[in-house]
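Asker: What Swiss-Prot records for this protein is below:
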- 17-37: transmembrane segment (TRANSMEM)
- N143: N-linked glycosylation site (CARBOHYD)
- 143-165: repeat 'LRR 1' (REPEAT)
- 191-212: repeat 'LRR 3' (REPEAT)
- 260-281: repeat 'LRR 6' (REPEAT)
- 331-353: repeat 'LRR 9' (REPEAT)
- N416: N-linked glycosylation site (CARBOHYD)
- N436: N-linked glycosylation site (CARBOHYD)
- N451: N-linked glycosylation site (CARBOHYD)
- N491: N-linked glycosylation site (CARBOHYD)
- N605: N-linked glycosylation site (CARBOHYD)
- N634: N-linked glycosylation site (CARBOHYD)
- N771: N-linked glycosylation site (CARBOHYD)
- N843: N-linked glycosylation site (CARBOHYD)
- N861: N-linked glycosylation site (CARBOHYD)
- N875: N-linked glycosylation site (CARBOHYD)
- 915-924: compositional bias 'Acidic residues' (COMPBIAS)
- N1100: N-linked glycosylation site (CARBOHYD)
- 1160-1180: transmembrane segment (TRANSMEM)
- 1305-1324: compositional bias 'Acidic residues' (COMPBIAS)
- 1354-1364: compositional bias 'Polar residues' (COMPBIAS)
Amino acid sequence: MVKNQIFSLKSLWSSSIFKILYCYLFTSLLLILSTWVSVNDGLSVREHIILLRLYFDTNGTTWYHNQGWKEYADCILAADGSVRKALESIDPLTGQIPQYLWADHFSQLDNNKTLYKIIHNQIQGHKVVICNAFGITCEDRINLTGIDLSNNNLKGNITPYLPYLLHLRNLNLSNNHLSGCFPDGLLKAQSLVALDLSYNNISCTLSLADSKAISYIDISHNHLTGYFKNVWKTPNLLFLDLSFNKLYGTILKEFFRQKSLDYVNLSSNQLIGFLPILSKSRISYLNISNNRLIGNITLLTCWKAGSLRIFDAENNMFEGALPESIFDHSPLQYVNLKGNIVKDPLPSILDCAKSEVKIIVPDGLKQNKCDPKVSSNWVLILNPLGEEFNIVGSDFGINSKSINIQFQNGLHCVDNVTTIIKSNTIISCKNPQGRNSTYLKLTIPTGEPGNFTVIKQQLYYYRPIIKSCSKVYKNIGGEITILGSHLESFNKTSNGKKMITVSIGNIKNSFTNVTSSINSDGFSGEVISCRNADIITPDMITCSIPSNTNLQQPAEIQIIIDGITAYVPIDSTRPHFLYKGVYNKDITISKPTEYNQTITISVPNETIIDMDQVVRVLIDDNDDSICKNIQHINKTSIQCLPYSETCGSNVKVTLVTKYGEPQFTTSLNYPPPIITRVTQGIDSTSNSIITINGKFLKTGGKRNLSIKINDTICCPLYNEYYYKQDELDDDNNNNNNNNNNSTTDINNNNNIIKNNNLIKEEQILCYYQINQSLPIHLNLPVTLTLSNQTVVKNNIYSQTNSTCPNNCVKHRTNGCRSGICECYPNLTGPSCDENIPESTISNFSNYLPDFILSFPKFITNNTFNIKFLSISEVNESGNIVDRFCSLNNNNNNNNNNNNKNNNNNNNDSNNEKEVVEDEEEDLDYSSQNDNNNINNNNNENNNENKLNWKLINQTKTTNALYTLKIKKKNVTLDILISSDNNQHREVYFAGEVIQVPKSSIELIVNLKGKWLFKDPKNQLKFNFLVKPVNDHDYSLCLPSPFVLISDEPFRWITMDVDSSTIFAKPSNRFLLNNYLVRVIEPNYKLSDSNLTLNLYYQFNQTTLKQQDNHGDDNSDNSIKYTEDSLKFRIDFSTFNSRREINPKPRGCFKDNTHKFPYDYYIVFFGCASGLILVLVICIVQCSRIESRQRKQIIKSFKATQKMPVEIKTPLLPPSFHFNFLDYNNMDLNNNNNNNNNNNNNNNNNNNNNNNNNNNNNNNNNFNDGSDTFNNNNKKNLNYEDNCDTVGFDGKENDIKNINNKKDEKEDDGDDDDDEDDDEYEDDTQPCSSGNSSRSKGSDGGSSSNSLSSDKQSFNNGNENNSIIPENKKKHLTIINKK
């Protein structure tokens, strides 16, 4: 029992404890919440002070609507003098606080809890709510979010502190009389969303906009000046109006790149320059009127802005004609070009669209009238199933709703919808289904209200087309499927079936143009009608063939739908009906040793198959894959040539006879694939394209190819052919190239190469995707499976010595074969020696300066041919005045002209054809002015105008010097070609250091003598030809070059062909009579066939130093000459560029990795130098800003009294520095500052001076006698009988009461301290009403900071200084004073 009572008491006690704890926690939570609510119930101190500043700065008493503002201002100012001080501290007129300290100042205000309580208590006591005042919007009465005082008669300067309202989202002060400068930082406020200061008198410059929140800015109709700032970091800005200001400068393209910008008004300013690109902007309203912008009206990009609706450019300096495509891309509704120079006539589209678009142009311009027409050479062919079709013409207007299209049968476009694809020229609609219309009518408005033009246009429909037919067994029959297009019937018979008939047989005449049905008289032999013909889909028809038919093979197919005979192709793809074949093991086929080789098909005897009856041989049972050129040897054998893509093993061959079932075998076998080498090795850092070279790699267009590298699948891409030259001795090759050029005949049209030293080789490309989790090995096997034939190439990357793998790894490439290390890099330009392959130069011609650049054999066989074509004199218009061309000469010079005119130059016909095809104008040895008389000139005169090149000083196969004499101009032209470069090096030419890559070709052109110009304004032009001589079979896609010119400082010209790149780099300077002259950048031009590149180097009189003809008194002074020597340099080099996957149509691939060459060291050095320069600039700028701030602080707070001589007191504590921003340490309850420490009496000579003589270190100087200070120190002290004048200079902007601070803190709640304060106030002798004493430093530098709360008192009777404890200072002071 006792135990139970004890247990119950314990339980009661424990429950009571929990209840007490629970009540305690709940009470604490309530207190915390109430404290938080009381503290945050109201605006912050900064918001109150800035609102008061706004009210007083704009003369709030004169506002039209100031409900709640006057009561609010009077209530707060009546609270305490500290509020007025805080308000005066940010008075713009006095400027006590510098601008760069405003942010810190407002932060101190927000942290001043005493000032917040004073304002909060005063507002709650008078029940004043500023959030209810006119124009104020608050969020839960805590944050100020909106100020709208528009049209309210605000006068005076705009408050500069508005950017420091941290929660302000909307500010509207428009239509007032505000003046002053635009508040700095207002457009940087991160909370501001909408700003409207329009229709005021605000001046100065516009601050930088850097805010992610702002979306609306209207500062129009003010007096803003300065440069228009284009850097607007406002990604969400929608509306911007800066019109009617005084902004000047240009509009940069970055300004319109803001994605959200929709409305822009920059009218009535002083902007100059061009209108930036607007094609990618989303602006719908753009007003730039009354500025000084310039540009070509035709080329303005605003016509291509996809969202622009309003465009006002009145009173600018635009010039040009309005384009016909003005409405192609922009939905314009208003265009104003008045006050510009608009050329006439105006396009007709303006007349057609004047009812939809308002266009204002200068008066008196001619206008082309709107005359809708359909293009005469346009044929309208419709899909009977109904689909979108286009009508091409002119003057269709821009409003598709006003265009009506009606067909012959009375129907309109589907859904009666007409669309304008291209304004004024192309309209589109969807035709209804059927074939029962022969024309349509277009009704188009002419621009005048109520006037329309009706156009009748004939139309056609697509005929049904037969593409293929399935097979059935002869004796069994069955259902066949016929595939095609437009196989749809729209008419029905009386019994409700579709009107379709299918007939199969041998037809006497072709019925490809038959428009009506035919009877059995049109056939020969047996003719059947396919039963139960039905249209399954518009592309498929099915019908049934009866059994035991005996159709002659191959049989024709005839389909008639709605009385229209289906079209059957008449070429080799013509579809036929054939019976299904049966397997015959007795058929034998010879085994070909090469592709495209004739095969022999045989049977043991004619009873099995009579070979004379074979009419067709099918490969792979495909009607399109037939064996061509069938030759009947006898009744048991035939020969034929399989179609070009036949390859693989166990190929099916079907023999079709006139009558009887086709029979087939699968005994056609080509040799298995052979892998000779694998190039384009695996990259260890990214995916790669692997090239497999070999023989019998043809896939035949079938998906029967599988490639694996080790165990990873390499995705097959495509295969192609190229010609690989046998590995012959280099010397023999060079001799063959130089001595017997006629052995090689390249026909670019037929892709045929005739050379005994060239054999055919095949390639297969595959995409290898690396596995990051697996290491890269150099010794990987390749497994290739093609048409059930598998070949494995083990150790494809095997090495025979240690040097090879080291080099391969070093160069980040893989590949060695036959004991030869193949380290082939994937290059993007010349960078260093080890990454540059060894290109070779060959094929020097004896007749003209040319050479061939080629890659190493293991990379590619692509080559480039560079030739010097001509030297010309052209006039200002670019027309050729004199030209001397490099054509191949015959050994018999007397027959040169005849051979040229007849195009029968036998020795070098190929080169001559290349030059004639690549040059855009007819080439001639002589001047064009002499063309009319060339046939009348004798041989001597003809020889005088020819370029008879001579090849001299050819000591090596890689060097050649060409020279010629142009007798007519009395000049000599030398061209030096050299490729003897074994390393990447720098050469010095024409005062310039040129980077020359390894294995490059140097070409130096030297014109010696004085070139006689026919006109001093003419120019001298050198022409070079760059042509790819590729050995690939480009039947799939042509090797179209891609040309680019790099930026400074490299100035490379690149020409990409397939996987190869040639780099051409001219020197930046040239030598003119040993004087350095800046060269003009070369230009280029692709030929019409896009296969060759013409490089031009042109020199005019601004670069060529010219002089009069000396020594000839009778010479024409207008004729000028070049100097004695003109020399310039060009460097060529070839590189293999890395392949990447970028599919193009027809299976072609484009390499997008070509980059311009650069030197990594130069780039790195440039970046490092730039970074160091930026750091130095930042350090200097920061030092300047810090120095400027320090000077401003010193200037802002000048001391008004010099300091006395310091008395060093080692026992004193460190000095306390006064922070004028710290309002927490000020005594805000004492406005008169109780001058208890300033009771100096001139009659008392033994008075202690420790309370008045404070130095800069806050040390209290004690004077034990009357003669302590010398005369100089006495002069520095300004003692007066009246304490009102002691150290007071009358300036209101100085720091007040710095000697009279209290000892206790503001938040101390000690009652004893309050009593002590009362006693202290009663015993002190204050100065006259509210004036506070100030102490002036002895040096006039800084104000003394001796605070009464920090003051050190000393014992008068003791010579040793003793520090009084803080809690007894005031009591001791009171006792001493008493």
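Glycine is treated like the rest: Cβ placed from N, Cα and C.
Could you place the listed features in the three-dimensional structure?
Answerer: Same-chain residues at least 6 positions away in sequence with a Cβ under 8 Å from that of N143 (N-linked glycosylation site) are, in sequence order, L43, L166, H167.
Away from its own ends, the repeat 'LRR 1' (143-165) comes close to residues 43, 46-47, 50-51, 53-54, 57-59, 62-65, 90, 92, 99, 102-103, 106, 131, 134-137, 171-186, 188-189, 191, 196-197, 200, 202 of its chain (Cβ-Cβ under 8 Å, at least six residues beyond either end).
Here the repeat 'LRR 3' (191-212) has Cβ contacts under 8 Å with residues 150, 158, 165-185, 218-229, 231-237, 241-242, 247 of the same chain, all six or more residues outside its ends.
Away from its own ends, the repeat 'LRR 6' (260-281) comes close to residues 215, 220, 228, 235-253, 287-295, 300-302, 304-308, 312-313, 329 of its chain (Cβ-Cβ under 8 Å, at least six residues beyond either end).
Same-chain residues lying 6+ beyond the ends of the repeat 'LRR 9' (331-353) with a Cβ under 8 Å from its Cβ atoms: 289, 297, 307-324, 359-362, 365-372, 394-399, 423-424, 445-447.
For N416 (N-linked glycosylation site), applying a Cβ distance below 8 Å and a minimum sequence separation of six or more within one chain yields no residues.
In the shown protein chains, 15 other C-beta atoms lie within 10 A of the C-beta of N436 (N-linked glycosylation site).
Residues within less than 8 Å, Cβ to Cβ, of N451 (N-linked glycosylation site) and separated from it by at least 6 positions along the same chain comprise P445. Classification of N451 (N-linked glycosylation site) by DSSP places it in coil, neither helical nor stranded.
The secondary structure of N491 (N-linked glycosylation site), as reduced to three states from DSSP, is coil rather than helix or strand. N491 (N-linked glycosylation site) is surrounded by 13 other CB atoms, counting those within 10 A of its CB over all protein chains shown.
According to DSSP, N605 (N-linked glycosylation site) is assigned to coil rather than to any helix or strand. The Cβ neighbour count for N605 (N-linked glycosylation site), using a 10 Å radius over every protein chain in view, is 10.
Secondary structure at N634 (N-linked glycosylation site), as computed by DSSP, is strand.
In sequence order, V881, D1015, K1017, N1018, Q1019 make up the list of same-chain residues 6 or more apart from N875 (N-linked glycosylation site) whose Cβ falls under 8 Å from its Cβ.
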Asker: Between N491 (N-linked glycosylation site) and N436 (N-linked glycosylation site), find the distance joining the two CA atoms and give it rounded to the nearest Å.
Answerer: 10
Asker: Could you tell me the mean pLDDT over the repeat 'LRR 3' (191-212), as a whole number?
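Answerer: Per the prediction, mean pLDDT sits at 89 for the repeat 'LRR 3' (191-212).
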Asker: Between N605 (N-linked glycosylation site) and N634 (N-linked glycosylation site), how many Å separate their Cα atoms?
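Answerer: A Cα-Cα distance of 10 Å.
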Asker: Determine, to the nearest whole angstrom, how far the Cα atom of N436 (N-linked glycosylation site) is from the Cα atom of N634 (N-linked glycosylation site).
Answerer: 56
Asker: Let's check the environment of N634 (N-linked glycosylation site): how many other CB atoms sit within 10 Å of its CB?
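Answerer: If we count other Cβ atoms within 10 Å of N634 (N-linked glycosylation site), we arrive at 10.
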Asker: Could you count the residues of the repeat 'LRR 1' (143-165) that DSSP puts in helix, in strand and in coil?
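Answerer: The repeat 'LRR 1' (143-165) comes out at 3 helix, 9 strand, 11 coil.
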Asker: I'd like the per-state residue tally for the repeat 'LRR 6' (260-281) from DSSP, helix first, then strand, then coil.
Answerer: 0 helix, 8 strand, 14 coil
Asker: Mind checking how the repeat 'LRR 3' (191-212) divides into helix, strand and coil residues in DSSP?
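Answerer: Once the DSSP states are binned, the repeat 'LRR 3' (191-212) shows 0 helix, 6 strand, 16 coil.
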Asker: Check the DSSP secondary structure of N436 (N-linked glycosylation site), expressed as helix, strand or coil.
Answerer: coil
